[in-house]
Structures are given as structure tokens and as C-alpha cells.
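Have a look at the structure below before the remarks.
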Amino acid sequence: MSNTVSLQFPDGSVREYDASMTGAALAESISKSLAKKAVAYAVDGTVRDLSDPLGASGKVEIITREDPRALELIRHDTAHVLAEAVQELFPGTQVTIGPVIENGFYYDFARNEPFTLDDLPVIEKKMREIIQRNKPFTKEVWSREKAKQVFSDKGESYKVELVDAIPAGQDLKIYYQGDWFDLCRGPHMASTGQIGNSFKLMKVAGAYWRGDANNPMLTRIYGTAFANDNDLQAYLHMLEEAEKRDHRRLGREMDLFHFQEEGPGVVFWHAKGWKMFQNLVSYMRRRLDSHGYQEVNTPQVLDKSLWETSGHWGWYRDNMFKVTVAGDDTDDDRVFALKPMNCPGHVQIFKHGLKSYRDLPIKLAEFGNVHRYEPSGALHGLMRVRGFTQDDAHIFCTEEQMAAECLQINDHILSVYKDFGFEEITIKLSTRPEKRVGSDELWDRAESVMMTVLEQIRQQSNNIKTGILPGEGAFYGPKFEYTLKDAIGREWQCGTTQVDFNLPERFGAFYIGADSEKKQPVMIHRAICGSMERFLGILIENFAGHMPLWFAPVQVVVATITSDADEYAKEAAAKLKAAGLQVVTDLRNEKINYKVREHSLQKVPVILVCGKREAEEKTVNMRRLGSRDQESMTLDEAIARLCEEATPPDLLRLKNAG
């Protein structure tokens, strides 16, 4: 076996090195300044400790703090420092697990007295002391038996349980930072000093061991960490903004919806919230019509035999709501379920009646109510519910039509997002997973088509980011995932386009080809909003409740200064309603500033104030949400202007095109 390895660098150059050379020595051989900046290195994309030997040939990269991959290392190391700090400050506390998560990390601790928010500043101070010590991260490999004995002697029963779950004979990695150590897969940076001080402990929460309510309750401490203070402060500012924009709070203030214990995870829509929901449905329905979809509706409750055929009963049953039928002897032994997805029902509609290749593509769409079980701890306002509405569509087409259909779907999705003000979109192609149906040849063709489509999208749209997610496709076919960025920089995955070879085959769906033979159609699953409830939650937070005039549930309030203007206010409101605007009249015997403030809190876009002078002159005083400016104009002028502004963007395009 050769003792040298061949390494290819990012600039394309290739050099030979001794296989036993470490990543740190490699960085040193390139330049001393790079060695000082290095926190890890990667070979063929796999991140390693700087202390690891090169071992094998491949593409090599030295990772510094500026590299996006360093962020996970920083957070991982900070979690370890958190655990050490807690055990220094609170002897007898057991450590359990502490993974990196989106935007930060957490660590779960077992302690008789749970931690509180008051403990966090003290723990943070100790963490900074540990980082200042700049102790190296060093790795040892232990046998399973040694690890179990050492953790048992330390009284770390949770670590013993983790070790027990590891297959016999498998060695374990133990990482030290000074004298403190933990069971960990790694990798880590070179020392605690490389973490820096750009971190913050955020909150505490209860968490059951292994997520099982039958197990002990632990205390989870959440934190975040960044490569520099600017990024940390930007993140903390974003959290402050997110709290102000929380759709659950705005939902209460704007009187849109509520949740209650008797219906966990399902929405009680109030009148204004339901109007907003219907505005979304109406807009999406018009967009469906303009893209050649046929709107259908499928049953809420279906026999389990259909779900067995579709495969849902086998792999999704635990997330489905089962229904027992009472009062009918013929149905006593049948098991039904609320549909978690609309796709099997759409296949049934496609199968109803003979289809020819001349009929394709057939586009079926549904605003389908679906139900999926989510643990109570995972429920989160409109963002995570148990009952919701999908803007679901399925295109049945030939393999040759697949590329054109995916491009049309992409145009449709992007134009919808643009109408709601989302300009920064990322599209990622998820490719074949290890467990999948269909031949490699079929996957090759499908992925080739979607790669071509992705490249066309990239060329046509300069502001669209694209990427590949290897192995993240559905088991039945590759898919596009659409992620949009909101007003405060958060990303939301919403739309999907998924190619499906599986479901048509399971249900025996076919069409008659040009050769008069039966052919299996390609089925493309398409969603734009995904969950319409969740999309509304995203919109509420993106606009901070200040919805565009065309989408607002109440567009105009006509408010009086004195009772002398009551009749004129009623007349003005009637004309505004006749013009198609959503109007509320406020004739209460309250001061006008009180009325304006109250309606502003409810995020009404426009308030038309009427006093005695306005009544005499047939004018209104217009005030807009978020502005102190006031503008006086005739009622007819106000109606004309507001009607123009309240025209939905799709209808405005039609009007301008005509």
C-alpha cells in the first residue's frame, strides 16, 4: 500500500503528500497565515479534524472561520463548552445529548432542580472562561466496554444508555477539551479558543429523554453561535423582528383566528381571517384557470384498502386519523381514514373513463382538506397544524411532455410568489434516494430532464438561486423544492414539483398511446403554497399584518368625527361597497384619535375620516396605515384610487394587457 496520497486543491492543482500528514501540517505547508486561520479540513467534501491524517487521495479544502461549513463546527464546539460549564457550576448534573440545530444548538441536562432563565448569564460567563483557557480538542478512540465503564463510574447513566445502543465491538470517539470529555462523533475545531465570543444562550425548556413522554423530563438549554459579532447581532435583531411579527399574536390583535384545547391543531377561523383565506383561494383559483387546470374535489374519508394500494397505509399509517363507522351493520368491519393527501383521489378521477395520448396533459387541481397527526409539542399556530388545506394539483402527462410541464409549473409558481412580493427564491433539485422504486434507467431519464429544466430556469432568471440535494428525492421520483426569503431574511420552503412513477403503476392508471397500446402516464405532483394555512401565516409575518390592500380582509374603515357626519359616512360606505371594496363603518361616540389607533392596531390599510366639513363638501380625509400623512379628496376620487389599488395583481395584468 502506498504511503503517499494525491490531493487536488480548489485551484485544480494536484500534489503528492505523505498519507500520515495531518490536516494542520498540510495547512502549515501551504502558508503560516492559512494555518492560523484553519479550523478544520475536508477531503471529498467530508469535514475532518485538523489532527486527522490525510489517509487517502481526493479533493482537499482547508476550512477557515469564513467558510459556511465552519458555522456548524463553531456551534458544535459551543455546545460542548456549554456542557462543561454546566457541570463545573452545578456538580452532579448529568449530560445527555447536545446537537447542532438550525440557527444554533441545544444540550439536554438531567438535574433534580430544572434550570431557569436566571441561570443563563452565570453559565454564559463560565463558558467564556472556558473558551479563554483555549484548551485543545483532542480525540481518543475507546472500546464500547471502556466507555460504558468510565461513564458508569462518573454516574452518567444517560451516556451509559447511549453507549449500550451502539453495536457491540464498535469503537467510540471521545473528545477531550482539557480534562472534560464527551462521547461524540466529531469533528471539532483545534481548540476552545477558536470558538470566539459570538454566542448567546437563548432559552430553557423541558424535554423528555429520547422524546418519549414515559421517560424522565430533562432541561434543555438552547443557544446560538456565529463566526462574528455582526452575524450574531443581525440574528438577534431578526428574532426581535420575528417576535413582533408572530402571526399568533397578530392573529389575536387582528381578530383573524384562534386555537383551543378541544380542537388541537385545527383552526377556528374568525370572519376576517376567513375572508383573508377566501381571498387566497379566489386568487389561486383564478391562476388555476389561467393555466389550464380542472378543479376537482375528492372525499375526506376513504376505506383503508385505497390507502393500502397507494402505499400510505404501510409507511404513513401512524400519521393518519382512523375513522370507525357506527350504526351500519354492513360497515362494522371496515376501517376508514381521513385523507392525509389528495393524490390517490386524483388518480381515481384520471382512471374514470378511457384516456388517449391526445387528452394529455390532464391537470387536476384541488383545494383539498387533509389531516395529518402531529405531536402536540410540534404544533405551532398556522405553521404546524393537524388539519389544513393543500393547493394541490397533479399533472398526468407523457414522459416527452414532462420537461415542458415542469417549466410551465415553474413559471406559475414564481409568478405567484412575485405577486405576494417574494423576489428571492431558491430552487433545489432533490435526486434519487437509496430506497426508491423504479429502474435506474427511469431515474436517469427523469433526473436528466429535471437537470435540463433547472439549467433553463437558471439561465432565464438571474435572481433565482439553484442547487442540488443529492439523495433527498421522494422514493417515487425526483423533485424541485422552492424556498422563499421573507422581509426579515428567514427562509420558508413552500412549493414543490415532484415526478412520480409509482402511484400510477400502483393503481393501474393508463392511457392509450399513438400505437394503440396501454401506456403508464407520468404523474407530476405540484403545490405552490403547500399548506394554505401555513402560507397565510408566512404572509402575515412577512407583512407584519400590514397586508396589501387587495388582500386585506377589511380594506377601508369610514370613521366619523362627530355624529353630524353619520349619514354621510353611511352614504360613503355604501358607495365604497358598491365599488367592490371591503368596508366597515365606525360611527361610535369616541374620539377620532382613539378610532384611528384602534383600527391601526387591527392593521386596516386605509381609514377615511368624515367630519362635518367633509359631509358638507362631499370629501374624505384619507389616512394610511403606517403613515402620519393625511390627504383630503373627493369621495369619488378616493373610490377611483382605492379600486385601482385594490385590484389583485393578476387581474391588474389582464386589465393593463387589454
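Heads up, the Cβ atoms here are built off N, Cα and C, so glycines get one too.
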Quick one: which of His188, His525, His546 does Swiss-Prot put in the Zn(2+) site with Cys343, His394?
His525
Would you report the average pLDDT that the model assigns to the domain 'TGS' (1-64)?
93
Between His394, His525, which of the binding-site residues has its C-beta surrounded by the fewest other C-beta atoms within 10 Å?
His525
Structural state census, the domain 'TGS' (1-64) (DSSP three-state):
14 helix, 28 strand, 22 coil
Number of other Cβ atoms within 10 Å of the Cβ of Cys343 (Zn(2+) binding site) across all protein chains:
22
Within 8 Å of the centroid of the Cβ atoms of Cys343, His394, His525, which other residues of that chain place their own Cβ, given that this set defines the recorded Zn(2+) site?
Met341, Asn342, His346, Val347, Asp392, Ala393, Gln498, Asp500, Leu503, Met523, Ile524, Arg526
